[in-house]
Amino acid sequence: LSLSHSLTHTCYARVWIPDPEEVWKSAELTKDYKQGDTVLHLQLEDGSDLQHKLDPNTKTLPHLRNPDILVGENDLTALSYLHEPAVLHNLKVRFIDSKLIYTYCGIVLVAINPYETLPIYGTDIINAYSGQNMGDMDPHIFAVAEEAYKQMARDERNQSIIVSGESGAGKTVSAKYAMRYFATVSGSASEANVEEKVLASNPIMEAIGNAKTTRNDNSSRFGKYIEIGFDKRFHIIGANMRTYLLEKSRVVFQADEERNYHIFYQLCASSRLPEFKALKLGTANDFHYTKQGRNPVIDGVNDAKEMCTTRSAFSLLGITELYQMGLFQVLAAILHLGNVEVKDRDSDSSIIPPNNNHLMVFCDLMGVAYQDMSHWLCHRKLKTATETYIKPVPRLQAVNARDALAKHIYAKLFTWIVEHINQALHSTSKQHSFIGVLDIYGFETFEINSFEQFCINYANEKLQQQFNMHVFKLEQEEYMKEQIPWTLIDFYDNQPCINLIEAKMGILDLLDEECRMPKGSDDSWAQKLYNTHLKTCGLFEKPRMSNRAFIIQHFADKVEYQCEGFLEKNKDTVNEEQIHVLKASKFDLLVELFQDEEKVTSPTGAGPPTGGRTRLSVKPDKGKSVQASKEHKKTVGLQFRNSLQLLMETLNATTPHYVRCIKPNDYKFAFTFDPKRAVQQLRACGVLETIRISAAGFPSRWTYQEFFSRYRVLMKQKDVQSDKKMTCKNVLEKLVQDPDKYQFGKTKIFFRAGQVAYLEKLRADKLRAACIRIQKTIRCWLARKKYLRVKRAAITIQTHVRGHQARCLATFLRRTRAAIVIQKYQRMYVQRTRYQRMQAAALAVQCILRAYVARQQYKALLREHKAIIIQKMVRGWLARQWYQRSLEAVVYLQCCVRRMRARRELKKLKIEARSVEHYKKLNIGMENKIMQLQRRIDEQNKENRTLSERLSSTESTHAAESERTRRELTRLRGAEDEARNSANRVASLQEELERLKVELQSTQKEKKAIEDWAQTYQDEMEQMISELKEQNHLLKNEKNDLNRLIQEQGQQWTEKMQRALKEETSQLESDLNEERSRYQNLLTEHLRLEEKYDDLKEEMTLTMNVPKPGHRRTDSAHSSNESEYTYESEEGSRGMEDVTKGALDMALVLKLQKRVSELEQEKQGLQNELDRREEQFQRARARDDEQHKKARSAELEYESLKRQELESENKKLRHDLSEMRQSLMGSVGASSAAPGSPAYKVLLDQLNASTEELEVRKEEVLILRSQLVSQKEAMQHKETMTDSLHYVEDVQKLTDAKEISQAYMGLKDTNRLLELQLQSQRRSHEAEMEALRGELQTVKEENHRQQQLLAQNLQLPPEARIEASLQHEITRLTNENLMLPTEDPKVYRTNKLRRMIDLLEQLEKQDKTVRKLKKQLKVFAKKISDLEGGQIENVSPGQMADEPMHPVNIPRREKDFQGMLEYKKEDELKLVKNLILELKPRGVAVNLIPGLPAYILFMCLRHADYLNDDQKVRSLLTSVINSIKKILKKRGDDFETVSFWLANTCRFLHCLKQYSGDEQFMKYNTPKQNDHCLSNFDLAEYRQVLSDLAIQIYQQLIKCMENILQPMIVSGMLEHETIQGVSGVKPTGLRKRTSSIADEGTYTLDSILRQLSSFHATMCQHGTDPELIKQVVKQQFYIIGAVTLNNLLLRKDMCSWSKGMQIRYNVSQLEEWLRDKNLMVCGAKETLEPLIQAAQLLQVKKKTDEDAEAICSMCNTLTTAQIVKVLNLYTPVNAFEERVSVTFIRTIQNRLRDRKESPQLLLDTKTIYPVTFPFSPSSLALETIQIPSSLSLGFLTRV
């Protein structure tokens, strides 16, 4: 041991040391431990040093830490070092860092309450755990439930799930989820929804049995054991509940921050409801029983809403509203009873004040008398042997009696509710097995522990004992199974503690004895305990400071119990008179509650025992007095012990499964871990005991393959042998020297505790050494590479440095020489410059001196010259002055003289001015001057001139001297006047002149202004023109821009509309897919209901026809006789039932198709909308042309049709006549007319032909009617299209309102014209219809006459029959050719001529036919003559007639084969049987043409359509659909069968479309195929039915594939190591997972690929459409990706870097398979994208913010929950990997916070993509199809 310690406790080893705060603290050794050391040198995680002193007595070393690679394991038993600190640390890491609340500890599931709602309990999680092995998935309550369910079904043994823990640890929730799992996985066997009732019991029991405590808001204050019953098929059929130790004291008392039971607060919260008004309730603070805790509200809980849930649960369980109101009435009465106030009357008595309101309400609600209840609350009855006394009680006892009554009523109510819940959950059918769920209180210890804690801890002692024994038993079984020598393991046995409590003279026994004592008390009972057990039992102690308490050493801890109240709680007494008062109540429910008081029911009986229930007998029946008194003596402790014993017997008879709930902290903080509290509970719940038991033996167990795979690195090549077991043995003997440290079993190697850690250390050291060697080699290589690079760099640097130095020397020399040259030239320059300066200075001095002398000379000359000029100027000025003075004097003299002369002249002028002559002269001069101005007044002066001339003429004529003078004088005077007037006129003319001048000036100004304005206007106009030109140019540019913009906008709008159309189309497609998915789900549900209906019908049939004993057929007999079960017998037995059922099914399916058909039409319309708009005009024009042509050629077609009809009729009649002649000529004797004779057959054939002709005529009439209707529709469409064409074309051209109105009028005229044409065509069509009706009537009459004639002919002798037939034929032809004209003579003559020509042609053809038949008769006559005579005599006439016809008809039928198959009505069942029910895909169908059954069925359908037999069509389709459903129901799990009929159903559906006659399908056909289209029936509705059937078959195919692939996916995609050696196997615990090593029966990736190839090959062989194959492959890959990802998210051991590489490689192989099959574009790869991203997430770096950003951008198809889950689950497989930090995960969550996505964690593996069946026409011609004989379809005839 010391040697092992010296090997393990070395330097750098990590250990655990005790710590008062954290319980255990991690430290690292800084110095090796040596034997004898008393101190360990440690370094804590914070870097501080510590010297840890060892215990000098025990020398116990600290516990070693597990390697980091083992931390966070799913199973605590997988830890190498199994001890308390390792367990605590592992739980803490999983809970805090990984947010994992479940952990296995061997067979125990440890569940830590997260105090937070987690998304890990949905239906998807349930489906993920369903059917999985317990070790394959991460720990979960569902895994435990699945294990129990699986063992129940496999081992045929009842199971139990034991859920325990402290209050607030989550026991109730765990039990609830376990029951939910059973309800979801198993379902119910009937339609009563038992699983819903089981779940509905939870809210009721929580309401009446749960309450808020300081530790838990929903604490269960009772224990319960629920047995969920299952039938033989393991469906839930019922349940039963047993309860234990209800905490009745909570009804009357609650501590601070606690509440009473929830139901009271729910009642108070709903008190305002109308139905609760009569209860007279208020708020919770109004009642004493609900306000003591002073906190009546729970955060986040709505009591009123919870009340609704409780009432709904009551209703679901069958408790009526009347009973519910009764329950609430009792509960309300309890509340009012608590408010009844009791007052002291004196020291020994008490009284209730009169008219106490609450007591009155209590009595009213309970239906009892107020006086009686008031009296017995304050009094009690004492009985002695002789007398009875009524004694008043003090107030305290009265209050206690009141509270005892309230508790007793509530206990009765609780029991009643439990009994009724059991009645509702009880099943009438026989229970085959059950799973029990025990939700019971865990070990409790408080500051004050009383009777309740004592019972609880007693129960936990019993459960712990059972748990220890079970663990011990499992360990022993494991050792024995592996054939390892069994050594006894010392484990804690708590039997002494149990004996202390329940044995004779034990604590309970003494307590019951003290209760029977008249004056027994808690103190006396305590003294008895001290005297009995203090010295005899080491587990019993007495506190030092108390005489009323005792201490018991339980398995978990020491607990001190206070004796006060033990006796009272154990007795649980109630005043019998109060019970009498209640039993006398008028309230029926109350009487029902207390009626069991009269019964003596043992707690171990059938009734559910309830802890704390008091059995009282109040009836004075003497016969029952002894028994009743005995019953009264059963105390609460005794009842609880008996019920606990019954529970233990039940548990021992079942296989237990353990769930231990841990409360992480006392403050209800989410994901907060308190190590102290956790350790307390781990010790109390037995987890550490399990660890201790495991650690005492060989806790670590490896299979040989896993050991070899993990520790292959520790082996040498020579150690590896073919036998893995021997290899492991040899290597292990070398690695571990002590043989006691391990044991070799049959399949496993068992290791002692710590050995795996030692091996891991060796492995890590070996890997570290290998890494060091690799690093050494790589570093050497890197250093050498670096040295060589440095060497090359140094040489290069030297080369460049030396070159640089040489260049520097050369540069120096060049610079030196250049410096000398520069110095030379510089010195020369200096000297030259100096010389030049001296020369310039001398020249400057000379120049200055010479200039000075010259300037002096110049100045002298200048002064002389200026003096001369001055002189000259002065002298000139003086001369000019003298001249001016002389001139002025002369001028002055001249002026004076001239002034004097002027004055004189002026006087003369004045005198002259007064004379006329002078005036005239002046006037003449004035006239000359103003001549131009007088032109305007010439007309005015003409009169003056005329008068002047007349005056002058008068003067010349009368020349008298006396008168001449007078006239002269007169003339002169007139002249003078005239002169005066002229002078006046001159003045006026001058004024006029001035005025004219002014006007002229103004005119000139105006002219100038006008010219200026004109110029301005011209300039403005020019400017305006230029501006207009510019504006025009701008407008042109703007127009161009606008045109360009319009084009761009048009293009943009077009693109926008296209994008919008694409988006709308995609949206509609997505909506259509969703609708299609919902519809297909509805079809699936419909199919499921159909199957269920059929199963129920079969069960009813079997029930009604129960076979006799001894004749029951087993499964083998059924299978052996299955081949003898023929379709005929089945159909014969069931008759028309199948047909009716099929018709009903068709009707149901047709009703379901309306929505889908509408959506399909809408989608088709949207897809073709653009094409319709583009081709609208062309189609309209083409349609118009076609309609015009049709309208023009309607009469011609009608005439030609009529002519063809007449021709065919005449041909047939002549052919019938010839056949009749031949048959009559060949027959001899009266026997020929008998039935079976040739003549008789010929006549019958003619009769059948006439009938067929009549049907053909009917069909032709229907065709003509349809043509008329189509023509009408075409005309209407023409009108609408014409309108639309005019509108579209004209609106683009018309820009004026007038043109639009004209166009509108034109359209009206056009429409009117078209309406007239349409009316005329209608009239013509109606006339044609009348003619056709008349012709049809004529044909009918003719047919009737022919039938009469045939009937008459059959009665005549042969000779007369021939003559009558000929006569009738001649008469008929004569009547046809010579009938009287009833129409227009021209028409009549035309028809007559046509008929004559037709008759001549028919006569020629008939002659040819007769000659041909004569030749054939000769040939056959020669053949007959060659035969023997006896054979000729034996041949009947019928055979003779049939023989020559047979070889003639066969080649004709082959030549004219139309691709139809004829069958008789009675052969339909045989057809369906041979072609569907008994056709095996693996046998006959392999060699068939793909889709041959579909072609055969369609060809039969074509013939039924050809015959116009709607009943036959409907019957055939219904039989086909029902038969396909039947074969799928029978062989629905066979992939080949389902694939075969999926392919044939689709081909049959495509044939119905291809030959339907619709234009959208006919365009893919050949002309011959178009001739084969259906002519009479529109089978669109049946196409929809077949489409629905194909959807159902497709879903069945997906289910088949899923069932086949499901077991392969996890093993092949996750567990199998495709790349060997990449991922190592980590140590596993007791829950072994599936091995990742490929064993013989293990699925690999190659298995998946082979299966996929098999699927693909089968579908291709069956002729499945390629598009449908793509959809199937896409669904396959989705299932693979979803299942793989879901398992990855639920398996911590799979989330590692190496596993990510394996997944990516596997995905690449799947993609390669897609490439090989040319399926990369089917969308299958996209379904694997979430899995690919998850694998990438496992491999990328996960440290920095850049890594977080890269992860967020990379994982776009994963949800936030999935990303965080993968990061939390990421586990290093090797010591060189690192875990993901919590900070990094928080960073990821913050970055992904804005994502809008579903919070669902797992993918829905049940999702099926909506399937579509694109039209796929067949190029196979129907007439070329041959039916193989292997199908046994010889009864089909080719037509």
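Backbone N, Cα and C atoms are what each Cβ position is placed from, and that goes for glycine too.
TrEMBL annotations:
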{"type": "BINDING", "residues": "Gly165, Glu166, Ser167, Gly168, Ala169, Gly170, Lys171, Thr172", "note": "ATP binding site"}
{"type": "COILED", "residues": "1315-1349", "note": "coiled coil"}
{"type": "COILED", "residues": "1396-1423", "note": "coiled coil"}
{"type": "COMPBIAS", "residues": "958-980", "note": "compositional bias 'Basic and acidic residues'"}
{"type": "DOMAIN", "residues": "1518-1794", "note": "domain 'Dilute'"}
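Glu166 (ATP binding site) counts 25 other C-beta atoms within 10 Å of its own C-beta, drawing on all protein chains shown. Listed in chain order, the extra residues whose Cβ falls within 8 Å of the Cβ center of the ATP site residues Gly165, Glu166, Ser167, Gly168, Ala169, Gly170, Lys171, Thr172 are Asn113, Asn216, Ser219, Ser220, Gly442, Cys661, Lys663. Residues in the compositional bias 'Basic and acidic residues' (958-980) partition by DSSP class (helix H, G, I; strand E, B; coil) as 20 helix, 0 strand, 3 coil. Across the residues of the domain 'Dilute' (1518-1794), the predicted structure has a mean pLDDT of 86.
Among the binding-site residues Gly168, Gly170, the residue whose Cβ has the fewest other Cβ atoms within 10 Å is Gly168. Non-local neighbourhood of Thr172 (ATP binding site): Glu206, Asn210, Asn218, Ser220, Asp439, each in the same chain, at least six residues away, with C-beta under 8 Å from its C-beta. Shown in sequence order, Val163, Ser164, Gly165, Ser220, Asp439, Ile440, Tyr441, Gly442, Cys661 are the residues of the chain, 6+ apart in sequence, with a C-beta less than 8 angstroms from the C-beta of Lys171 (ATP binding site). Same-chain residues at least 6 positions away in sequence with a Cβ under 8 Å from that of Ser167 (ATP binding site) are, in sequence order, Thr213, Arg215, Asn216, Ser219, Ser220, Tyr441, Gly442, Glu444, Lys663.
Every protein chain shown contributes to the tally, and the Cβ of Gly165 (ATP binding site) ends up with 27 other Cβ atoms within 10 Å.
Sequence-distant neighbours of Ala169 (ATP binding site) (same chain, 6+ residues apart, CB-CB distance under 8 A): Ala111, Asn113, Asn216, Gly442, Cys661, Ile662, Lys663, Gln681.
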